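Here TrEMBL flags 10-463 as domain 'Major facilitator superfamily (MFS) profile'. The transmembrane segment annotation in TrEMBL covers 46-64, 76-94, 106-126, 138-161, 167-185, 197-217, 267-286, 298-319, 326-346, 358-379, 391-415, 435-459 (among others).
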Amino acid sequence: MNSTRHKGLALTILALSQLILALDYTIIFVALPSLAADLGFSANQLQWVISAFSLAFGGFLLIGGRLSDLLGRRRMFIIAMGIFGLGSLLGGLADSQLFLIMARGLQGIGGALLSPATLSLIMSNFEEGPERNRALGIWAAMGGVGMSIGLLLGGVLTSFIGWEATFFVNVPIAVFVIILAPIMLVESKAAAVKRHFDALGAISVTAGMILIVNYLIQAPVVGWLHPSAIIPGIIGVILLLMFVVIEKRTKDPLIPFRLFRIRSLTGAAITAALFSASFGTLYYFLTLYTQEVLHYSAIQSGLSFLPLTISAFAGAKLINKMLAKVGAAGTIASGMGLGAIGFMLLTQLSEHGSAWGIIPGTVIIGIGQAFIFTTMFIAASSGIDMKEQGVASAIVSTGQQIGGAVGLAVIMAIISASLGTNATLETMEPSDLTGAIHMAFIIDAVIAIIGILVSFLALKQKNAAVMEAGSLQE
């Protein structure tokens with residue numbers, strides 16, 4: 001097999017891994033109502049289907065890169081894909097709420113280990129220069145493609161096969177990748193890798209966040225001071241404090257806290273959390289609106305997101321010009337501002353409305369989403385030493401994942417009175433659900449406005465426009 005064809009197949013394998021990770025982020029949303037009906041999830045409980053994945057992904061992402069360096073990138077890639085595929089298989093077979101939530105957590109762990117291994121393999125399997133840049137471009141594009149087609153594919157699979165298919169679809173791809181990876185990918189390890197990795201830190205931060213999110217989910221139902229809610233919540237806070245102590249004392253911390261002295265990185269991490277807490281929760285609430293209020297099928301619900309997808313692609317074309325004119329802070333602030341406008345437009349949705357009413361708000365949000373997503377990673381890399389670029393990127397990704405889980409829990413806690421304590425999706429009145437969704441979009445708009453302030457306070461830098469535009473085009 002010639003070198004060009006071999007590298008083409010290697011890139012196909014790595015691109016497929018990025019595709020299914022991105023696909024898995026959105027494919028589940030349009031399946032949520034069907035899944036809830038089958039397994040008896042209440043509106044509050046249903047958010048665990050999203051949060052279990054995000055918390056596991058965010059908690060173990062930082063350790064994923066270290067394990068790849070220690071065990072070998074190709075070996076870790078195969079192990080991680082196996083874990084992700086197993087989680088997908090178990091998710092499709094789930095016949096109870098707990099089983100499904102555990103499967104989603106396993107998917108998240110697999111994704112957290114897979115993502116850094118994939119990126120490292122691109123660096124080691126493709127020569128620096130045009131070849132590597134092309135590979136990185138295709139790999140990154142698969143993320144956008146996966147998120148875009150995930151909603152539509154989720155609708156098709158749920159409508160014609162069932163929600164289980166949104167999990168099973170990952171399994172043959174995972175098997176295909178695992179079979180070909182040993183043949184097509186070259187193994188590599190870090191030249192001088194440290195043998196220690198901070199497993200205790202990863203476990204403490206993940207467990208702490210899970211218990212805090214559990215408190216936010218359970219407290220509106222049983223009472224904010226009820227022992228069954230507050231005791232696990234207090235334990236969660238203690239675990240997070242332990243994480244800080246562990247990180248300060250360990251020789252090789254998951255998160256070097258000294259990096260947070262760099263204002264651009266801190267601002268980018270906060271921005272990522274706010275972005276995911278607002279823009280990321282849109283899919284959840286808009287799915288509830290289309291399927292439970294408008295009574296659309298899963299495939300119709302998936303199609304209703306198409307304008308957002310198209311506008312996000314269009315917005316991506318404008319990023320270079322935005323960065324050149326207003327820099328990273330201005331680009332992110334513009335994206336957050338567009339998001340706030342879009343969310344407020346969505347508060348005008350009616351229980352007797354149609355998909356046409358969704359279009360203005362989602363189109364504006366899609367453009368804003370494109371402005372923010374790429375730029376927050378560019379901002380994170382500013383002023384960071386080259387050897388710590390990977391850690392900086394992982395910190396932002398962790399903020400994004402955890403921000404989404406916590407954001408959804410906080411929003412649901414705030415509007416729980418409107419939804420009812422133990423109401424299931426099937427028993428909610430459309431008018432009550434519409435009002436609760438309006439409240440969610442108002443909260444999203446407020447979070448986006450906070451994002452505007454953060455972008456100017458933490459990301460504003462001298463000569464940022466020229467620096468950031470150059471960074472993107474390299």
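Placement of Cβ uses the backbone N, Cα and C atoms for every residue, glycine included.
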Notebook entry, point to check: Given the transmembrane segment (435-459), which of the listed stretches 76-94, 106-126, 167-185, 358-379 has the most Cβ pairs that are under 8 Å apart from it?
Noted result: 358-379
Checklist line | Long-range neighbours of the transmembrane segment (326-346), counting only residues six or more past its ends (CB under 8 A) | finding: 264, 271, 274-275, 278-279, 282, 286, 319, 358, 360-365, 367-372, 375-376, 378-379, 382, 438, 441-442, 444-445, 448-449, 451-452, 455-456, 459-461, 464-465, 467-468
Checklist line | Among the ranges 46-64, 267-286, 298-319, 358-379, the one whose Cβ pairs under 8 Å to the transmembrane segment (197-217) are most numerous | finding: 46-64
Margin query: Using a Cβ cut-off under 8 Å, which residues of the same chain at least 6 positions beyond either end of the transmembrane segment (167-185) come close to it?
Written below: 6, 9-10, 13-14, 16-17, 19-20, 23-24, 27, 74, 77-78, 81-82, 84-85, 88-89, 91-92, 103, 121, 125, 153, 157
Note to self: How about long-range neighbours of the transmembrane segment (358-379): same chain, 6 or more residues beyond its ends, C-beta under 8 Å?
What the structure shows: 264-265, 267-268, 271-272, 275, 279, 282, 286, 289-290, 304-305, 307-316, 318-319, 322-323, 328-329, 331-332, 334-339, 341-346, 349, 393, 396, 448, 451, 459, 468, 471-472
Margin query: I need to check the long-range neighbours of the transmembrane segment (267-286): which residues 6 or more away from its ends have a CB within less than 8 Å of a CB in the stretch?
Written below: 26, 29, 32, 47, 50, 151, 260, 304-305, 332, 336, 339, 343, 346, 358, 362, 365, 368-369, 372-373, 376-377, 379-380, 395-404, 406-408, 410-411, 437, 440-441, 444-445, 447-448, 450-451, 454-455, 457-459
Check: Apart from its near flanks, which chain residues at least 6 from the ends of the transmembrane segment (106-126) lie with a Cβ under 8 angstroms of it?
Finding: 7, 10-11, 14, 17-18, 21, 24, 52-61, 63-65, 67-69, 73-74, 76-77, 79-88, 90-91, 132, 135-136, 139, 185-186, 188, 390, 394, 397
Notebook entry, point to check: If you average the pLDDT over the domain 'Major facilitator superfamily (MFS) profile' (10-463), what number do you get?
Noted result: 85
